[in-house]
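Novice: Below you'll find the structure I mean.
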Amino acid sequence: MSQQQLDEETPLLPLQRKARTPLPWRQFSIILFLQLAEPLTSQVIAPFAPQLIRDIGITNGDETSVGYYVGLMYSLFFATQALTVLHWSRISDHIGRKPVILTGLFGLSISMYCFGLSTTFSGLVLSRALNGALNGNVGVIKSMMVDITDSTNLAQAYAYMPLAWSTGGTIGPLVGGLLSRPVEQFPNVFGHSQFLKTYPYFLACAVPATFSALAWIVTFLFLRETVPTRVTLGRFLRSKYHKDTIPGPVTPTASSDSLSTEDAARPANGDDSKPLPLRSLLIPRVIIAAGNYAALSLLDIAFRDVQPLFFATPIELGGLGLDPPRIGNILAIYGVINGLFQILFFADLHDRFGSKIIYSAAMVAGVPMIVIFPILNAVARVQGLSFTLWAIVGLQLAFSMILNLAYACVFIYIAAASPNQASFGTTNGIAQLGVSIVRAIGPASATSTFSLSIKNPQHAWIIYYYMIALVCIGIFASLFLPRQLWKNQN
């Protein structure tokens, strides 16, 4: 039996007995703070996006076209992000994470100020395109998390990621709803402001824009670079055209064992000091990890878009007929509980069961999560908004929290898939590229299918068939993930 076979089949028992390394809280808390910027900027427009489309007159009074333009505005961000996110991630492997994060925060801030000042649909389009094109922070921040952790605390670090997204996803809509059209909502305070009468959505957009500017200052002053290198952006760009030889970044010692679960899969030369070419990263394990991330994201974003539509749709058309404040309260409460659940339980569950079991169970939880939709409508038709119905809503949200456990697992898979530590950024960029693509098409496909299902009684179940198909795709993709060696350690 070869040494590689022994490495693949033998559990890393010494690793399992190691005590969990304390997280570097100073830098880790800064990273969590930076993560708030994107969900804030993306979710703040949710409450007023339909009214904004009506106000600029692009639909010419056609209410049936409002949803189309809103969906286009959302999808445009992910479409432009898909075009640039891989390049930003590759650059971060060469010139460092910090310059790329600073550029992304600058783009978020400027684009949100421009969005608030836009009075035409073309202005909105340009602002969203700028937002997506300059923002490569999602993959880069994940790479930085791997840089500052090791194999004993990586799962604990990723468990905190949903808290940042849940917090931003909760605060963003609240800010957007409260501060949009302030002259009408708070005439005693803003009634004399001609500027806010002309730009009624600027104040709501200025909050996340200013937060991103503050995050830029915090990053510049306090965030430490995790990829020390003497390569400048100018030299990196010159190398793309003149084939200069660029020394690779020095790999930080803090992450020296962060991928020890797949040492057997490392390159034979063991050179971790240089980022590998893109072609060298398009290997099966990177494609499998990125594919699972894309499948999970497609299912999750479809559920997130359909759920509030289902809640708001009248009971006779197949929904629950809830009003916006009640829907907002449900989603806000879920966001807080989900974030706490991930923090309190994921790391311990991961230590006990490993990534493969948790990820597989999370994907399977998608089946009852979707099946509960028609059950809710059936109960509402008979009992109305009864205690039984709310209990079933709570059960669906519980299955959704289980599904969200899969995110931390797939992030660990992506980190482990990188052939060397110096290529973390590009590996995350490949994964984020796939996710940006599915997020560009996911919302439109899910909401369009839902609209078809409620317009024609003969197609009433087509949305559930569609979402169950997404679950099956995710379960099938999970079969290709390797068995985590530490799962047998109890």
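Cβ atoms here come from the backbone N, Cα and C positions, even for glycine.
Pasting the relevant annotations from TrEMBL:
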DOMAIN    27-486  domain 'Major facilitator superfamily (MFS) profile'
TRANSMEM  66-88  transmembrane segment
TRANSMEM  100-126  transmembrane segment
TRANSMEM  201-223  transmembrane segment
REGION    247-272  region 'Disordered'
COMPBIAS  252-261  compositional bias 'Polar residues'
TRANSMEM  282-303  transmembrane segment
TRANSMEM  327-345  transmembrane segment
TRANSMEM  357-376  transmembrane segment
TRANSMEM  388-415  transmembrane segment
TRANSMEM  462-481  transmembrane segment
Novice: Return the stretch with the most CB pairs under 8 A relative to the transmembrane segment (66-88), choosing among 100-126, 201-223, 282-303, 327-345, 388-415.
Specialist: 100-126
Novice: Quick check for me: are there 3+ Cβ pairs below 8 Å between the transmembrane segment (201-223) and the transmembrane segment (282-303), leaving out pairs under 6 residues apart?
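Specialist: Per Cβ check, the transmembrane segment (201-223) does not touch the transmembrane segment (282-303).
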Novice: Same chain only, please: residues at least 6 beyond the ends of the transmembrane segment (462-481) with a C-beta under 8 Å from a C-beta of the stretch. Say none if there are none.
Specialist: 288-289, 291-292, 295-296, 298-299, 302-303, 306, 355-356, 359-360, 363-364, 366-367, 370-371, 373-374, 413, 445-446, 449-450, 452-453
Novice: Could you tell me the mean pLDDT over the domain 'Major facilitator superfamily (MFS) profile' (27-486), as a whole number?
Specialist: 82
